[in-house]
């Protein structure tokens, strides 16, 4: 029974739970790697004893956090659990393919960890640039294992993307227009389309790297007429859409949370929010070379990529102001998820500001590969994506389990995490502006103060992570049942109880004349019997 339920599962709720648990476990590994890096960088001088080991930590931390934490939790976990509930589908379109999408991930993680255990490990950074990743500099099977790991994780994501696209378009009720789907469903649909377009390019790039290393081709070797810059173009054509893939489902989660806890019928500017996400997705594919301002692009290329990158700020700003307008005039219920959502808006906007600065090709010449860049993308990932994940977990935990979290503990954990991540990454702006380069295991004494502060902040963040584990354990142990507020009647995933039955529907829902929108207008929002805690 256990094996048939969890290994051969075709149930979207069980597979979503597997994704969430796997993502949490991987996230702990990634967090431990980051703590090791911050220990090395707390003071000048060597702690780990080898620059190669440090670079292996950097590489593994990035891969684990991106491919085995954020994507499985946001797309695999929340996507699987919520999308069938939100569109009234019995399950995902391809349930067995869904299961395979998940079970490709543990072997991929195993391959990635193995790459660190053999020879010297893959110390290339997550960008895997040749010639550093070539077989002269990284001899031995480490990089090959990392490449195979990426192949498996990529195959998993592509299969999942096909599944989500088919589900969102084909399995909603015939009378529900696309523009009546919840924003979270839209965000995952757009994310899946981006995955489907971006990942094959990465697969091509790393396959060429694999043959360069093992079959004596010279795609990226100038001696044979290749060009290492070609790899950078291929990699970043995947890599830039990837960072939007990481944040878009977070946008959907934040939209759900803010609409829910402000007691609004709908997010402000619902269609504009969808168009903004579409614009971000399209623009995300045409700005990749802003990661390459220092490799010697033409002046006109630099002008174009600077301008195009700045244009992405417009739809992003539309989303931020959409959230603020949703908050405006709402009867805000101050439960933990709205804390995470407000933290997301503030810190994601700060990260966006530094992104605008880095978009200037002239400034980026100086700031490229410094800690300024690290601070920028950790503000949008460590305080954007992760805050969205934490908000989603605290919001939907009662739906997934049927038990409520302790509000006092979750709020305390939010503040500890908030202080920790800001203390970790804000000083890194100063380090970058002072010229401290990324991916180095040691630094001049002049940088000691901010590095020490950053490391203290990372310890605080780690305490917050451990608190979150305790909070989940406490909720599952105390078993406080959920009392459903009527306010959830506009959020269709809550219709079926907490937790919903194992099989929510036996067939796709039927909806006459699009009853979805009018029902929203009939419900009064001023008299919600909210529970106190």
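Cβ from N, Cα, C; glycine included.
Residues 5-6, 46-48, 54, 57-58, 60-61, 64-65, 68-70, 72-73, 76-84, 91-92, 95, 98-99, 102, 105-106, 109, 113, 393, 400, 424, 441, 454-455, 458-459, 461-462, 465, 499-500, 502 of the same chain lie 6 or more positions beyond the ends of the transmembrane segment (12-40) yet place their CB under 8 Å from a CB of it. Taken from Swiss-Prot, the feature transmembrane segment applies to 12-40 (among others), supported by similarity to another entry.
Residues annotated as topological domain 'Mitochondrial intermembrane' in Swiss-Prot, with similarity to another entry given as evidence: 41-50 (among others).
Sequence annotations record features per position, and here Swiss-Prot assigns transmembrane segment to 51-86 (among others) based on similarity to another entry.
Residue 378 (Fe(II)-heme a binding site) carries a helical DSSP state (H, G or I). The Fe(II)-heme a binding site feature in Swiss-Prot is assigned to 61, 378.
Residues or ranges marked as transmembrane segment in Swiss-Prot: 95-117 (among others).
Residues 51-56, 58-60, 62-63, 66, 146-147, 206, 209, 212-214, 220-221, 228, 231-232, 235, 239, 439 of the same chain sit 6 or more residues outside the topological domain 'Mitochondrial intermembrane' (118-140) yet have a Cβ under 8 Å from a Cβ within it. Taken from Swiss-Prot, the feature topological domain 'Mitochondrial intermembrane' covers 118-140 (among others).
Residues 59, 63, 67-68, 71, 75-76, 79, 83-84, 87, 89, 92-94, 97-98, 100-102, 104-105, 107-109, 111-112, 114-116, 118-122, 124, 128, 133, 178, 181, 185, 188-189, 191-193, 195-196, 199-200, 202-203, 206-207, 209-210, 213-214 of the same chain lie 6+ residues outside the transmembrane segment (141-170) yet bring a C-beta within less than 8 angstroms of a C-beta in it. Among the features that Swiss-Prot reports, transmembrane segment is placed at 141-170 (among others).
Sequence annotations record features per position, and here Swiss-Prot assigns transmembrane segment to 183-212 (among others) based on similarity to another entry.
Annotation comment: Swiss-Prot describes 213-227 (among others) as topological domain 'Mitochondrial intermembrane', evidence class similarity to another entry. Within the same chain, residues 130-131, 133-135, 143-144 sit at least 6 positions outside the topological domain 'Mitochondrial intermembrane' (213-227) and bring their C-beta atoms closer than 8 Å to a C-beta of that stretch.
With a cut-off of 8 Å between Cβ atoms, the residues of this chain six or more beyond the transmembrane segment (228-261) that come close are 66, 70-71, 74-75, 78-79, 127-131, 182-188, 190-191, 194-195, 197-199, 201-202, 204-205, 208-209, 219-222, 267, 273, 277, 280-281, 284-285, 287-292, 295, 319, 322-323, 326-327, 330, 332-335, 337-338, 340-341, 344-345, 348, 377, 380-381, 384-385, 387-389, 391-392, 395, 487-488, 490-491. Residues annotated as transmembrane segment in Swiss-Prot, with similarity to another entry given as evidence: 228-261 (among others).
The annotation Cu cation binding site is assigned in Swiss-Prot to 240, 290, 291. Under the DSSP three-state reduction, residue 290 (Cu cation binding site) is assigned to helix. Within the same chain, residues at least 6 positions away in sequence whose Cβ sits under 8 Å from that of residue 290 (Cu cation binding site) are 240, 305, 306, 308, 309, 358, 359, 361, 364.
Summarising the annotation, Swiss-Prot assigns transmembrane segment to 270-286 (among others). Remote same-chain partners of the transmembrane segment (270-286), defined as residues 6 or more beyond its termini with a Cβ less than 8 Å from a stretch Cβ, comprise 179, 183, 186-187, 190-191, 193-194, 197-198, 237, 240-241, 243-244, 248, 251, 255, 308, 311-312, 314-316, 318-319, 322.
The topological domain 'Mitochondrial intermembrane' annotation in Swiss-Prot covers 287-298 (among others). For the topological domain 'Mitochondrial intermembrane' (287-298), the list of distant contacts is 229, 232-233, 236-237, 239-241, 305-306, 308-309, 312, 358-359, 361, 364-365, 368-369: same-chain residues at least six beyond its ends, Cβ to Cβ under 8 Å.
Residues or ranges marked as transmembrane segment by Swiss-Prot on the basis of similarity to another entry: 299-327 (among others).
Per Swiss-Prot, the feature transmembrane segment maps to 336-357 (among others); the stated evidence is similarity to another entry.
According to Swiss-Prot, the feature topological domain 'Mitochondrial intermembrane' maps to 358-370 (among others), an assignment based on similarity to another entry. Within the chain carrying the topological domain 'Mitochondrial intermembrane' (358-370), a Cβ under 8 angstroms from the stretch's Cβ atoms is held by residues 290, 293-294, 297, 302-303, 305-306, 309-310, 376, 431-433, 435-439, all 6 or more beyond its ends.
In the topological domain 'Mitochondrial intermembrane' (213-227), the DSSP tally of helix, strand and coil residues is 5 helix, 0 strand, 10 coil.
Sitting within 8 Å of the Cβ centre of 240, 290, 291, and not among those site residues for Cu cation, are the Cβ atoms of 236, 239, 287, 288, 289, 292, 305, 309. In this chain, the transmembrane segment (51-86) touches the transmembrane segment (371-400); three or more CB pairs sit within less than 8 A of each other, excluding pairs fewer than 6 residues apart. On the backbone, the CA of residue 378 (Fe(II)-heme a binding site) and the CA of residue 291 (Cu cation binding site) stand 16 Å apart.
Residue 291 (Cu cation binding site) sits 20 Å from residue 61 (Fe(II)-heme a binding site), taking the C-alpha atoms as the reference points.
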